[in-house]
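Student: If you scroll down you'll find the structure; I have some questions about it.
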Amino acid sequence: MSKNIKRFSIGGINLPDNKELNTNLKIEELPLPDIVYLPVKQHIGKPGEILVEKGDYVKRGQLIIKANPGVSASLHASLSGEIIDIKDISDSRGGKSKAIIIQRDKKAAFNRVSFNLKSKKNKTAEEIKEIIKNSGIIGMGGAGFPTHIKLSPPKEKPIDTVIINGSESEPYVAVDDRTLQEKTAKVYRGLELIKKAVGAENGFIACEDNKKNAIKSLKAEAKNWPELDFEIVDSLYPHGAEKKLIEACLNREIPEGGLPMEVGVVVNNAQTAVAVAEAVDEDQPVVDRVVSVSGRGIRNPKNLIVPLGTPIKNLLDYCDGIVSQESVLLIGGTMTGFRAESTDIPITKTGFGIIILSQAEYKEYESRVCIRCAKCVDACPVYISPNRITDFINNDYLEEAEALSLASCIECGSCAYVCPASRPLLRWLREGKARLRQANN
């Protein structure tokens, strides 16, 4: 494959990436928390079946929630200890979620537990997908779609290409960057396994051109994987969005309301690829993930491997705390994340970033009337009109908003970023999509 820099054709914005704060920092292991709060549902789809009760003793890696049929995902204990409660807790989006709460047994050895499966190097496609399902693997780049479902498209929609998405375009976040540098072989191995699982002929890893060290690592490791490759994409935001990544790398456009499988493609995040490799080769379920803690509101930015369910405050303390009580805490990224009012919220499988912005970095402006400048339209990478759509949403004309392709919005936040009137377009678009889903159910 050519190593010319690829990019999508319409829309997008150039952002200050602020990755110099943590892109050169190796992943560190966060000390074990005393308590973890594991939300029952950390994925898109139906919750699984809870297999444990209050008072039960569980071991790290033990299955505590079993995936139900359909779009669902399993969950495993991230600590060894006692289940002290199962109750509703605050979640990252300001709502409430049922969670299993485990208090750590400080005498228990911290081992990476195994499923104790019989080792078999040449696993079939179906065996790979079954292991992925049993391991609780979901999209770890933010979407949270169960991976075993994504790798099981209808027979009439065959997959010819697998892309591992390492084009992390969110500012401040260096999870994929460090993963590509430190776990390069596992990313390639995960790609190889996913490619086999879906029967694809082609597979490559996509990385943005501003990740120089990651590109060096990919290039050096590529010689060990002659059937695989890597591509370099422009750092224009949002190249990390799978629809735009497919357009940039393959010049294929997904139809409105469609999925990548409509054009013969499966896209998985770099963290997800590592999880697949560790599940198949090492019998490891998903019990922790890499999180970037960054921003000029935190004293010492870091990239951390964190047990799932760890409260955010544990990460902040390990990074020597926030600079000021007036700092702003975001879960996820600055473009697509959510403002958190509490540090008790736990890390989940999709929680790739904790960003703490200083007052100088974060300003809330009073929203003003739209001036019809169309900057949001120019920035939109999926060719919709955020200004017109949000006007319809705010006046309860959902059918009209739907007719203007509200469902095509990928929630990248480019429109809100460029708006000179400081209109919260992303928030309104999300609200409109949620109301539309509710109305159609």
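Backbone N, Cα and C define each Cβ position, glycine as well.
TrEMBL labels come from automatic prediction, so no person has curated them.
Not my notes, these are from TrEMBL:
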type	residues	note
BINDING	Cys370, Cys373, Cys376, Cys419	[4Fe-4S] cluster 1 binding site
BINDING	Cys380, Cys409, Cys412, Cys415	[4Fe-4S] cluster 2 binding site
DOMAIN	360-389	domain '4Fe-4S ferredoxin-type'
DOMAIN	400-429	domain '4Fe-4S ferredoxin-type'
Student: Within 10 Å of its Cβ, which one of these binding-site residues (Cys370, Cys373, Cys380, Cys415, Cys419) has the largest number of other Cβ atoms?
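Tutor: Of Cys370, Cys373, Cys380, Cys415, Cys419, the one with the most crowded Cβ is Cys415.
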Student: Near the domain '4Fe-4S ferredoxin-type' (400-429), which same-chain residues lie under 8 Å Cβ to Cβ, leaving out any that are not at least 6 residues past its ends?
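Tutor: Here the qualifying positions are 11-13, 15, 237-238, 241, 243-244, 256-257, 335-336, 365-371, 373, 375-376, 378-390, 392-394, 436.
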Student: The domain '4Fe-4S ferredoxin-type' (360-389): which same-chain residues, six or more beyond its ends, come within Cβ distance under 8 Å?
Tutor: 8, 10-13, 238, 241, 243-244, 295-297, 328, 401, 404-406, 408-410, 412, 414-425, 429, 432
Student: Nearest to Cys409 ([4Fe-4S] cluster 2 binding site) by Cα, among Cys370, Cys376, Cys419 (binding-site residues)?
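Tutor: For Cys409 ([4Fe-4S] cluster 2 binding site), the spatially nearest of the binding-site residues is Cys376.
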Student: Could you give me three numbers for the domain '4Fe-4S ferredoxin-type' (400-429), the DSSP helix, strand and coil residue counts?
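Tutor: The domain '4Fe-4S ferredoxin-type' (400-429) comes out at 17 helix, 0 strand, 13 coil.
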Student: Just to confirm: which same-chain residues, 6+ apart in sequence, have a Cβ under 8 Å from the Cβ of Cys376 ([4Fe-4S] cluster 1 binding site)?
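Tutor: Within the chain, Cys376 ([4Fe-4S] cluster 1 binding site) has Cβ neighbours under 8 Å at Ser385, Pro386, Asn387, Ser414, Cys415, Ala416, Val418, Cys419, Leu425.
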Student: Counting by DSSP secondary structure, give me helix, strand and coil numbers for the domain '4Fe-4S ferredoxin-type' (360-389).
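Tutor: The composition, in the requested order, is 9 helix, 0 strand, 21 coil.
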Student: Out of Cys409, Cys412, which of the binding-site residues has the smallest number of neighbouring Cβ atoms within 10 Å?
Tutor: Cys409
Student: What whole-number Å value do you get for the CA-CA distance of Cys412 ([4Fe-4S] cluster 2 binding site) and Cys370 ([4Fe-4S] cluster 1 binding site)?
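Tutor: Rounded to the nearest whole number, the Cα-Cα distance is 20 Å.
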Student: Calculate the distance in Å between the alpha carbons (Cα) of Cys373 ([4Fe-4S] cluster 1 binding site) and Cys380 ([4Fe-4S] cluster 2 binding site), and round it to a whole number.
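Tutor: Here the two Cα atoms lie 13 Å apart.
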Student: In whole Å, how far does the CA atom of Cys370 ([4Fe-4S] cluster 1 binding site) lie from that of Cys380 ([4Fe-4S] cluster 2 binding site)?
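Tutor: On Cα coordinates alone, these residues lie 16 Å apart.
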